[in-house]
Amino acid sequence: MRAVRLHAKWDPRPEFKLGPKDIEGKLTWLGSKVWRYPEVRVEEVPEPRIEKPTEIIIKVKACGICGSDVHMAQTDEEGYILYPGLTGFPVTLGHEFSGVVVEAGPEAINRRTNKRFEIGEPVCAEEMLWCGHCRPCAEGFPNHCENLNELGFNVDGAFAEYVKVDAKYAWSLRELEGVYEGDRLFLAGSLVEPTSVAYNAVIVRGGGIRPGDNVVILGGGPIGLAAVAILKHAGASKVILSEPSEVRRNLAKELGADHVIDPTKENFVEAVLDYTNGLGAKLFLEATGVPQLVWPQIEEVIWRARGINATVAIVARADAKIPLTGEVFQVRRAQIVGSQGHSGHGTFPRVISLMASGMDMTKIISKTVSMEEIPEYIKRLQTDKSLVKVTMLNE
Ligand SMILES: [Zn+2]
Ligand SMILES: [Zn+2]
């Protein structure tokens, strides 16, 4: 079968030391310290085969390009990949996907029925392959699994004709049938994973909101946009999004934002205070990846707003120091939480139910492309910010 594969050279930087979970030449938890000269190409590879009784084979219908796919293929001036996390190459990329079950092991259970997966079941799957038996997993925190593998990062992913996953990571999309016709069901299904990242950030980690609260989202990428939709559905009074790109601001409005701010032209602090009648926001989502730029403004809103008890959830990854003023968080009774992942806490099934009840995330798909076009678009997304989500649609 055909698959989009990433190859890179294992060439650790001088200061890099092999970590306890790293495997020389194959796998590291610190991608950008090791992998050099990435190359993405469509190749012929063997079809996946069921090896364990709990596994299923999925015929891939749709798979979106994630920012991390872009960063795995993008390099600094020395040729090292920008993506800092768990990586094992060569690998088939792609983790925001949906498809149809074509083969199921005898113990591959579908949670929709509590029976073996039916052939033809439409599904999506988690990307984080949590182990289920380490301490964080056993305590209910699979997003922090100590034995994590990641689909499309160190395990073959879904920019392919077929992908194999253990049934415990798969979720039925039956609920979307009748709501999304034809390919749209699979396009919606491919957005469950990134939407779950936003849900985990604003609801699970951020603690959610009470209907009538105000929220501020900084950054209008797929995660920020999904947060807009989720929080509007959660009953936010004012959803305010700050984002330089006009395309993304307009999408935010379509997804339910009450106000959008262009931070390059408007004063973010004054705009938020104005739109909320001086009350400020209960929840802020840092989804820009440049916290050092936006943090002083978040603090100023928290400081000057009349509302107290704000939570700032950090979801964008950034290896940057944040200039935090403790006094602001003390006096205004505010808090900060970090958010990682999308698994556990009932997140995937709730996102699917939200989509079934009309939260249509397919609006963020700018373009559907063929598998052959994926390498080109992974490159194009490095610079073209008019594209939000680009999604492969297989025949
Ligand atoms: Zn992703
Ligand atoms: Zn674990």
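Yeah, the Cβs are placed from backbone N, Cα and C, and that goes for glycine too.
So that you can see what the record holds, here are the features copied from Swiss-Prot:
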ACT_SITE  S68  active site, charge relay system
ACT_SITE  H71  active site, charge relay system
BINDING   C66, H95, E96, E193  Zn(2+) 1 binding site
BINDING   C131, C134, C137, C145  Zn(2+) 2 binding site
BINDING   I223, E243, R248  NAD(+) binding site
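Mapped onto this structure are the features recorded in Swiss-Prot.
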residue: C66; record: Zn(2+) 1 binding site; contacts (Cβ under 8 Å, 6+ apart): H95, E96, P194, P222
residue: S68; record: active site, charge relay system; contacts (Cβ under 8 Å, 6+ apart): Y83, G85, F153
residue: C134; record: Zn(2+) 2 binding site; contacts (Cβ under 8 Å, 6+ apart): C145, E146, N147
residue: C137; record: Zn(2+) 2 binding site; contacts (Cβ under 8 Å, 6+ apart): W130, C131, C145, E146
residue: E193; record: Zn(2+) 1 binding site; contacts (Cβ under 8 Å, 6+ apart): H95, E96, F97, C124, A125, E126, E127, H342
residue: I223; record: NAD(+) binding site; contacts (Cβ under 8 Å, 6+ apart): P194, V197, A198, A201, A287, V315, A316
residue: E243; record: NAD(+) binding site; contacts (Cβ under 8 Å, 6+ apart): L218, G219, G220, G224, R249, A252, V260, I261, D262, P263
residue: R248; record: NAD(+) binding site; contacts (Cβ under 8 Å, 6+ apart): G220, G221, G224, L225, K385, V388
Candidates C66, S68, H71, C137, C145 (recorded positions) with CB under 6 Å from ligand 1, in sequence order, are C66, S68
Mind running the recorded positions S68, E96, E193, I223, R248 against ligand 2 and keeping the ones whose CB falls under 6 Å of it?
none
E96 (Zn(2+) 1 binding site), number of other Cβ atoms within 10 Å
29
Tell me which residues of the chain lie with their Cβ under 8 angstroms from that of H71 (active site, charge relay system), as long as they are six or more apart in sequence?
I81, L82, Y83
Output field, Zn(2+) 1 shell: CB within 8 Å of site CB centroid, site C66, H95, E96, E193 dropped:
C63, G64, G94, F97, E127, G152, S190, P194
Let me make sure I understand the structure: which of the binding-site residues listed (C131, C145) has the fewest other Cβ atoms within 10 A of its Cβ?
C131
Would you list the other residues of this chain near NAD(+) - those whose C-beta lies within 8 angstroms of the C-beta centroid of I223, E243, R248 - in sequence order?
I217, G219, G220, G221, P222, G224, L225, L241, S245, L251, A252, A287, V388
Look up E96 (Zn(2+) 1 binding site) in the DSSP assignment and report helix, strand or coil.
strand
